[in-house]
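Chemist: Let me begin by handing over the structure; questions about it come next.
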Amino acid sequence: VAKCSTSECGHACQQAGCRNSGCRYGSCICVGC
């Protein structure tokens, strides 16, 4: 399971063209894709 951190999620979401909406259960929540 990937470690959940705001910076990691923000980068992952940005790479996918999305915005970070936080994280839950170790997974990034991306919105606006």
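Yeah, the Cβs are placed from backbone N, Cα and C, and that goes for glycine too.
Note that this is a predicted model, so its numbers are computed, not measured.
Copied straight from Swiss-Prot:
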- CYS4-CYS23: disulfide bond (DISULFID)
- CYS9-CYS28: disulfide bond (DISULFID)
- CYS13-CYS30: disulfide bond (DISULFID)
- CYS18-CYS33: disulfide bond (DISULFID)
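Explain the structural surroundings of these features, please.
Modeler: In three-state terms derived from DSSP, CYS4 (disulfide bond) belongs to neither a helical nor a strand segment and is classed as coil. The Cβ of CYS4 (disulfide bond) lies under 8 Å from the Cβ of CYS23, ARG24, TYR25, GLY26, SER27, CYS28, each of these being in the same chain and 6 or more residues away along the sequence.
For the recorded site, CYS30 (disulfide bond), the DSSP three-state label reads strand.
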Chemist: Given CYS13 (disulfide bond) and CYS33 (disulfide bond), what distance in Å do their CA atoms have, once rounded to a whole number?
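Modeler: Rounded to a whole number, the Cα-Cα distance is 9 Å.
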Chemist: Can you tell which of the disulfide-bonded residues (CYS18, CYS23, CYS28) has the fewest other C-beta atoms within 10 angstroms of its C-beta?
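Modeler: CYS18, out of the disulfide-bonded residues CYS18, CYS23, CYS28, has the fewest neighbouring Cβ atoms within 10 Å.
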Chemist: Do me a favour and check the Cα-Cα span between CYS33 (disulfide bond) and CYS9 (disulfide bond); whole Å is fine.
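Modeler: Counting only the Cα atoms, the answer is 14 Å.
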Chemist: Which whole-number value in Å describes the distance between the Cα atoms of CYS18 (disulfide bond) and CYS30 (disulfide bond)?
Modeler: 6
